[in-house]
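Asker: Structure provided below as structure tokens; questions to follow.
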Amino acid sequence: MIARTKIICTIGPATNTPEMLEKLLDAGMNVARLNFSHGTHESHGRTIAILKELREKRQVPLAIMLDTKGPEIRLGQVESPIKVQPGDRLTLVSKEILGSKESGVTLYPSCVFPYVRERAPVLIDDGYIQAVVVNAQEHMVEIEFQNSGEIKSNKSLSIKDIDVALPFMTEKDIADLKFGVEQELDLIAASFVRCNEDIDSMRKVLESFGRPNMPIIAKIENHLGVQNFQEIARAADGIMIARGDLGIELSIVEVPGLQKFMARASRETGRFCITATQMLESMIRNPLPTRAEVSDVANAIYDGTSAVMLSGETASGAHPVHAVKTMRSIIQETEKTFDYHAFFQLNDKNSALKVSPYLEAIGFSGIQIAEKASAKAIIVYTQTGGSPMFLSKYRPYLPIIAVTPNRNVYYRLAVEWGVYPMLTLESNRTVWRHQACVYGVEKGILSNYDKILVFSRGAGMQDTNNLTLTTVHDALSPSLDEIVP
């Protein structure tokens with residue numbers, strides 16, 4: 001059974017071996033996320049090499065995402081996890097040290113120290129650990145814990161009521177982007193985006209490294225990101241609803257409503273949307289998710305999210321492969337009751353997705369024709385990815401087989417809802433249509449006499465302007481018997 005909603009897996013110590021990565025792929029992983037808040041270029045380089053070798057061996061559109069560290073406040077390295085209890089105190093310092101309970105822990109960046117005030121609430125590790133500032137000095141802050149937990153290396157930290165303007169991109173981020181371009185990665189997730197100028201500045205950096213069109217996903221994690229959402233969505237290529245930091249920066253009870261708003265607004269703008277953070281969090285430790293987590297994933301799918309993301313579940317959890325299998329099962333079951341026609345009602349007058357006027361005229365009508373004809377799939381040839389992205393935003397019941405000669409587009413489409421990318425060297429319509437049908441049969445999407453709707457370009461045309469309703473048999477004949485018994 002196919003799954004239209006895509007799965008993003010964060011890769012970490014629990015999964016960064018060839019054997020585990022192949023198991024994640026078999027379980028349903030579509031995108032491998034590398035979190036550059038952790039690790040080194042050397043360690044990420046090893047993982048990237050394994051992923052590239054794997055996707056070449058298996059001939060699958062597995063995308064690789066670089067997630068930037070961004071301008072966040074974060075703890076430094078600790079010698080070993082520091083166990084804390086209510087009433088315990090810990091010193092945060094500006095100098096770089098290997099942290100411990102006795103010596104304290106480094107707090108990055110050091111420019112925040114002058115802005116910290118006593119009695120300010122402190123949230124660590126997505127709010128799991130709470131504390132309060134009891135002593136604030138120029139290069140040192142002392143906090144007192146209000147609940148128990150473990151302080152680990154590189155965990156996020158949020159200080160309420162702090163007013164400091166952090167730069168959008170750090171020197172580390174720029175070095176990481178350069179590394180990502182050199183490694184020919186497929187997607188960039190930009191942390192703590194506040195406005196469209198942040199996206200523009202990152203594009204200029206990518207352009208200076210020779211990759212101006214590298215897709216950028218804007219992570220919405222603070223009140224400015226929410227406030228400027230519409231302009232950010234137009235500037236970016238995709239949106240990530242980063243619920244962890246969002247639930248710290250804003251009231252946690254606001255997150256569900258914002259999630260629904262951003263999922264719909266992303267589609268209307270023509271951008272894919274990723275729902276992230278704590279989706280199957282309990283599976284970090286337990287073999288089964290909670291009922292609430294299953295409902296959370298299902299509701300994100302009902303909202304029309306393009307992809308759902310696993311973080312600690314696959315990076316460091318005890319059951320990473322089972323977490324992906326569970327996520328895929330939830331997707332498949334939920335999509336049985338997905339209201340596909342409800343997503344036809346789309347106010348896309350302000351869409352930022354640039355497609356030809358021909359496709360705008362025939363795209364939605366084509367989906368309706370295919371459904372009325374009981375077709376089993378839509379096949380579309382694309383050089384830029386625009387046509388399948390345009391069709392995907394309407395969330396059609398029919399799988400979209402996207403045939404492309406562009407390797408960057410092939411991997412980039414891995415995150416698009418309902419799109420199944422296929423790489424080709426052919427531009428002849430008869431040939432690539434034949435190849436797409438073979439692909440559909442091999443993937444279990446199509447069979448012998450299924451009807452298909454093909455979007456293509458007419459002779460001498462540069463843009464998609466032609467619809468053809470045909471059958472798999474006619475497209476494959478006379479070689480169908482060699483493929484389907």
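Cβ coordinates come from backbone N, Cα and C, glycine included.
OK, Swiss-Prot features for this one:
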type: BINDING; residues: Arg33, Gly244, Asp245, Thr277; note: substrate binding site
type: BINDING; residues: Asn35, Ser37, Asp67, Thr68; note: K(+) binding site
type: BINDING; residues: Asn35, Phe36, Ser37, His38, Arg74, Lys155; note: ATP binding site
type: SITE; residues: Lys219; note: site 'Transition state stabilizer'
type: BINDING; residues: Glu221, Asp245; note: Mg(2+) binding site
Asker: Spatially, which candidate from the binding-site residues Asp67, Asp245, Thr277 is nearest to Phe36 (ATP binding site), comparing Cα atoms?
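Answerer: For Phe36 (ATP binding site), the spatially nearest of the binding-site residues is Asp67.
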Asker: Need the DSSP three-state call for Arg74 (ATP binding site) to compare against my parser.
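Answerer: Reduced to three states, the DSSP call for Arg74 (ATP binding site) is strand.
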Asker: In terms of Cα spacing, which of the binding-site residues Arg33, Arg74, Glu221, Gly244, Asp245, Thr277 are within 10 angstroms of Asp67 (K(+) binding site)?
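Answerer: Candidates kept after distance check: Arg33.
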Asker: Using the Cβ center of Arg33, Gly244, Asp245, Thr277 as the substrate site position, which other residues in that chain lie within 8 Å, going by their Cβ?
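Answerer: Once Arg33, Gly244, Asp245, Thr277 are set aside, the remaining close residues are Asp126, Lys219, Glu221, Met240, Ala242, Arg243, Ala276, Met309, Ser311.
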Asker: Return one of helix, strand or coil for Gly244 (substrate binding site), based on DSSP.
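Answerer: For Gly244 (substrate binding site) - judged by DSSP and reduced to three states - the answer is helix.
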Asker: What's the CA-CA gap between Arg33 (substrate binding site) and Thr68 (K(+) binding site) in angstrom, rounded?
Answerer: 10
Asker: Taking the Cα of Gly244 (substrate binding site) as the centre, which of the recorded positions listed as Thr68, Lys155, Lys219, Glu221 lie within 10 Å of it?
Answerer: Glu221
Asker: Least buried of the binding-site residues Asn35, Ser37, Thr68, Thr277, going by other Cβ atoms within 10 Å?
Answerer: Ser37
Asker: Other residues with Cβ within 8 Å of the Cβ centroid of Asn35, Phe36, Ser37, His38, Arg74, Lys155 at the ATP site?
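Answerer: Neighbours within 8 Å of the Cβ centroid, excluding Asn35, Phe36, Ser37, His38, Arg74, Lys155: Lys69, Asn154, Ser156.
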Asker: Any idea of the Cα spread of the substrate site, Arg33, Gly244, Asp245, Thr277, as a max distance in Å?
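Answerer: In whole numbers, the farthest two Cα atoms are 18 Å apart.
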Asker: Out of these binding-site residues, Asp67, Glu221, Asp245, which one has the fewest other C-beta atoms within 10 Å of its own C-beta?
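Answerer: Asp245, out of the binding-site residues Asp67, Glu221, Asp245, has the fewest neighbouring Cβ atoms within 10 Å.
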Asker: Using Cα coordinates, what distance in whole Å links Asp245 (substrate binding site) and His38 (ATP binding site)?
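Answerer: Checking the Cα atoms of Asp245 (substrate binding site) and His38 (ATP binding site) gives a distance of 17 Å.
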Asker: According to DSSP, does Thr68 (K(+) binding site) sit in a helix, a strand, or coil?
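Answerer: Where Thr68 (K(+) binding site) sits, the three-state DSSP reduction gives coil.
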Asker: Nearest of the binding-site residues to Glu221 (Mg(2+) binding site) by CA-CA distance, picking from His38, Thr68, Lys155?
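Answerer: Ranked by Cα distance from Glu221 (Mg(2+) binding site), first place goes to Thr68.
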